[in-house]
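The structure appears right after this line, and notes come after that.
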Amino acid sequence: MPDKTEYLLAINCGSSSIKGKLFAIPSFELLANLAVTNISSADERVKIRITWEEGKGKNSEEEADYGDKIRYASLVPILLDHLTNSTHVEKEEIKYVCHRVVHGGTHDRGIRVVKGHEEGLIEMDKLSEFAPLHNHRAVLAVKSCLDALPHHTSLLLFDTIFHQTIAPEVYTYALPPSDNELSMPLRKYGFHGLSYASIVRSLAEHLKKPSDQVNVVVAHLGSGSSSCCIKNGKSVDTSMGLTPLEGLLGGTRSGTIDPTAIFHHTKDAASDANVGDFTVSKAEIILNKNSGLKALAGTTNFGHIIQNLDPSKCSKEDHEKAKLTYAVFLDRLLNFVAQYLFKLLSEVPIESIDGLVFSGGIGEKGAELRRDVLKKLAWLGAEVDEEANNSNSGGTVKCITKEGSKLKGWVVETDEEGWMATMAKEEFGF
């Protein structure tokens, strides 16, 4: 009688979506992609989609209630039901589930959690104040997984792990001792680490070199944006800090501003405000949810901002807003990219720098932004290949600079779920 098939599920819980991938054990074969979208939306219904690799199962896509009507904790069980109903996979056969958790503090490896031994979840929930839009929801997802799959082992994998190689002089904040009881030190931690790790692997494979020889600057640009300086495959600096708020502006995040600005902007900035079932300051709500592209352009959709750069496509007011927003975004991005390229160039010759990578939704789709960034880097020998840059094809890794360009430009698709699965494979030894 053949051995019973077992599975690994990688789950990536965001504030507006859940993504996942299902792998066979021990072959590590990718079987299916999972997605839940429109979470928390008052205007659109939640969509649950299961897409199987050819011959592995029956694809399915269904709509549920409106996003703001569905409890977040119920979404993972709903997703599991759709998964098991679309093929022969049984819930009892899902042996491991790995979860993306944004903030892991100083942890340099994942944490295992099983039903009845959930101490790690308590620790992670304490860090929710530092990543209020992500950590708490990830904890809810893990708890719902433990209830739906009581036999399995969950592995919590943190975006902050990749940045544990950052030196003290880079991560230290010049603050006096705190009079608060802190759940972790106040310092730079950095985020998007699972994405950066997957990009290093993909670029190394494309260049046919070991990951520990990759020297690159990455711009992960999406609803949340950050940049990272990577030397010998390891993070040496990154734009996000104690929380994802520091650094580049995002869809609704302000990015780095003078810390006193919020107290002039809002009189009761330090007062409490509720986010679901926990409390943060009003300042954190304004800076995390009401700022960024939304504040400057009135939209979080970067594609709409690009469209409104054409004055014939919108009102004069929207055109002026789009021009300023785009200029601000480009300026802040160049500040970090140039800084990180300088860091690399101060230690390795330009011939040993693998280039500048664009990733994330904006990075992968924003041909105009990529061109404008690379043109500003012409002094380093960057030469844009217009045809490659404007093309929508090219695979996981695509070069967008000319053959003789001294500084290479790349578009690399990120694969957080795939990297999580790799980490789980190493952790569990299958």
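Just so it is clear, glycine is given a Cβ too, placed from its N, Cα and C backbone atoms.
Taken from Swiss-Prot, the feature active site, proton donor/acceptor applies to Asp159, supported by sequence analysis. Feature annotation from Swiss-Prot assigns Mg(2+) binding site to Asn12, Glu416; the stated evidence is sequence analysis. The feature ATP binding site is assigned by Swiss-Prot to Lys19, His220, Leu221, Gly222, Ser223, Gly224. Residues or ranges marked as substrate binding site in Swiss-Prot (evidence: sequence analysis): Arg100. Per Swiss-Prot, the feature site 'Transition state stabilizer' maps to His192, Arg253; the stated evidence is sequence analysis.
Around Gly224 (ATP binding site), the same-chain residues six or more apart in sequence whose CB sits under 8 Å from its CB are Phe191, His192, Pro244, Gly250, Gly251, Arg253, listed in sequence order.
Proximity to the residue listed as 'active site, proton donor/acceptor', defined by a C-alpha to C-alpha distance within 10 angstroms, is shown by the following binding-site residues from Arg100, Gly222, Ser223: Arg100.
Listed in sequence order, the binding-site residues from His220, Leu221, Gly222, Ser223 having a Cα within 10 Å of the Cα of Glu416 (Mg(2+) binding site) amount to none. The residue listed as 'substrate binding site' has Asn12 as its nearest neighbour among the binding-site residues Asn12, Lys19, His220, Ser223, going by CA to CA distance. Separation of the C-alpha atoms of His220 (ATP binding site) and Asn12 (Mg(2+) binding site): 16 Å, rounded to the nearest whole number.
Its Cβ placed at the centre, Lys19 (ATP binding site) has 18 other Cβ atoms within 10 Å. The secondary structure of Lys19 (ATP binding site), as reduced to three states from DSSP, is extended strand. In this structure, the C-alpha atom of Lys19 (ATP binding site) lies 5 angstrom from that of Asn12 (Mg(2+) binding site). Counting in whole angstrom, Gly222 (ATP binding site) lies 15 from Asn12 (Mg(2+) binding site) by their C-alpha atoms.
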